[in-house]
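The block underneath contains the structure these notes are about, expressed in structure tokens.
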Amino acid sequence: MAFNLLNKDIDTLTCPALVVFSKSSSQKDKLAKVTHSEIHKALLPSLEEKTISGKHQETVVFREFSFKGFRHVIVVGLGKENEITHESVRQSMASAYEAIKALNVTEAAVHFDGITAGKKDAADFAKATAEGLILTSYVFNELMSGKKETKEINVHVVSKMGNDKAVKAAFNEGAILGSVVNFSRRLGDLPGNLMTPTILADSAVEGAKGIANLKVTVWDKARIKKEKMGGLLGVSNGSDQEPRFIIMEYKGAAASKKPVCFVGKGLTFDCGGISIKPGAGMEEMKYDMCGGANVIGTLLAIAKLKLKVNAVGLVASTENLINGSATKPGDVHTARNGKTFEVNNTDAEGRLILADALSYATELQPQMIVDAATLTGAMVIALGNTHTGYFTRNSALKTKVEKAAAESGEWVWNMPLTDFHVKDMKGTYADLSNISSGKGAGSATAAAFLEQFVGEGIPWAHFDIAGTGWAVGNRLPYCPKKGASGAMIRTFVEIAKQYT
């Protein structure tokens with residue numbers, strides 16, 4: 001799929017399909033309003049019959065409408081004028097793209113000026129438009145042997161403001177974010193035999209090629225052992241695939257400026273180890289590396305956007321499988337920062353590899369650390385797949401997270417983290433246990449475990465994307481109904497912006 005922003009009068013274009021928009025009726029206007037005045041007049045019968053109501057995401061397709069240079073016309077609802085937001089535009093663009101695809105055309109135009117009429121923040125709507133279209137275009141079918149969806153669709157976003165500097169910059173930002181999210185989605189969707197720790201590391205290296213000021217370093221098993229990462233090594237013992245530790249460094253500010261640090265869990269497949277998972281749904285455990293994939297995407301986006309910030313992305317990657325060398329319940333390992341932990345359940349392994357990554361992040365003395373992980377089933381019970389739960393005790397970072405999430409349109413929910421949760425993670429024979437001695441609160445106690453590997457005074461937030469890392473398309477139309485979502489990449493970029 002190709003997208004571009006054209007500085008043109010929409011009526012001068014020739015194209016198989018045109019997308020215009022409708023807005024719901026109001027006290028002033030008894031009928032819904034189509035945002036293109038001539039098409040509004042031509043569709044008055046449909047408006048009077050309520051075929052077009054302007055309801056958000058309503059899609060009405062007029063085949064063979066033959067308006068000027070357009071063969072088909074698609075009318076997509078924006079909802080009520082005063083309820084149009086950046087997120088609602090993303091979702092309307094998802095409806096627009098699906099309608100374009102259903103028409104089986106190779107080219108379409110979007111009447112962007114119909115969205116921005118009377119709106120001061122045209123640039124923000126341009127960003128949302130690009131994001132919505134590109135995110136919806138994602139399809140993972142490369143492993144199919146039969147007919148694949150390969151038809152190229154060119155979508156022109158047409159506006160008389162197409163040469164406006166702010167509008168162009170925002171559209172390009174949305175296009176970068178959308179493409180990077182799709183890059184990370186693909187990493188998550190690849191099955192475990194085609195997405196090993198080595199392949200994940202190679203993907204980070206490949207994705208960073210040609211991007212200025214972005215460096216990728218990959219530690220192999222020997223280096224990981226030398227660096228005393230006992231958590232990552234311990235989990236990897238049960239697999240023939242060697243672990244990898246991925247370090248992505250972006251230099252966008254003065255060398256004296258401390259970095260912001262993003263940490264991701266990269267479990268490319270997790271059977272649970274000796275504490276083996278039930279068979280039902282185990283195939284979805286290829287998604288246990290989505291936190292890592294999304295941190296890779298975050299660093300790619302920050303670098304492509306040339307943000308004036310120093311940023312580091314760290315991904316600890318391994319498989320959690322079973323062989324004669326696998327970690328056993330009761331085994332004790334030592335993390336990079338010297339703390340010891342009992343592995344009382346080998347299926348609580350993500351926190352063990354994150355322990356080493358967070359310890360390393362602390363050594364960088366960053367301005368803040370944020371981590372992302374498909375960490376606990378308890379988070380799915382608590383919040384389902386609508387919100388990403390996050391934990392932080394730092395009020396300033398909490399404010400930044402909430403602001404960033406509001407800007408990105410991703411839903412987050414602040415979860416409790418207290419000293420009582422820390423107490424529940426104390427070990428009997430080691431400093432810590434990797435599972436709680438208390439009842440319930442599995443997500444909070446997991447966060448409490450991670451907190452023990454973050455340096456005192458460093459602002460830190462933990463995002464548990466177990467419920468939002470994949471299969472969220474029932475709520476978000478620009479996400480696949482099945483498959484990786486790319487959760488939190490856009491929010492993390494917005495967090496990074498606040499440190500520029």
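Heads up, the Cβ atoms here are built off N, Cα and C, so glycines get one too.
Annotated active site per Swiss-Prot: LYS277, ARG351, in sequence order. The feature Mn(2+) 2 binding site is assigned by Swiss-Prot to LYS265, ASP270, ASP288, GLU349, with sequence analysis given as support. Here Swiss-Prot flags ASP270, ASP347, GLU349 as Mn(2+) 1 binding site.
Counting only same-chain residues at least 6 apart in sequence, those with a Cβ under 8 Å from the Cβ of ASP288 (Mn(2+) 2 binding site) are LYS265, LEU267, THR268, PHE269, ASP270, ASN320, GLY350, THR374.
Listed in chain order, the residues near the Mn(2+) 2 site other than LYS265, ASP270, ASP288, GLU349 are VAL235, LEU267, MET285, MET289, ASN320, GLY350, ILE353, ALA373, THR374, each with its Cβ within 8 Å of the site Cβ centroid. For LYS277 (active site), the same-chain residues 6+ apart in sequence whose C-beta sits under 8 angstroms from its C-beta are ASP270, CYS271, MET285, ASP347.
Same-chain residues that are not part of ASP270, ASP347, GLU349 yet have a Cβ within 8 Å of the Cβ center of the Mn(2+) 1 site turn out to be VAL235, LEU267, CYS271, GLY272, GLY273, SER275, LYS277, ASP288, ASN320, THR346, ALA348, GLY350. DSSP gives GLU349 (Mn(2+) 2 binding site) a coil state; it is part of no helix or strand. Sequence-distant neighbours of GLU349 (Mn(2+) 2 binding site) (same chain, 6+ apart, CB under 8 A from its CB) are VAL235, LEU267, ASP270, GLY273, ASN320, VAL343, ASN434.
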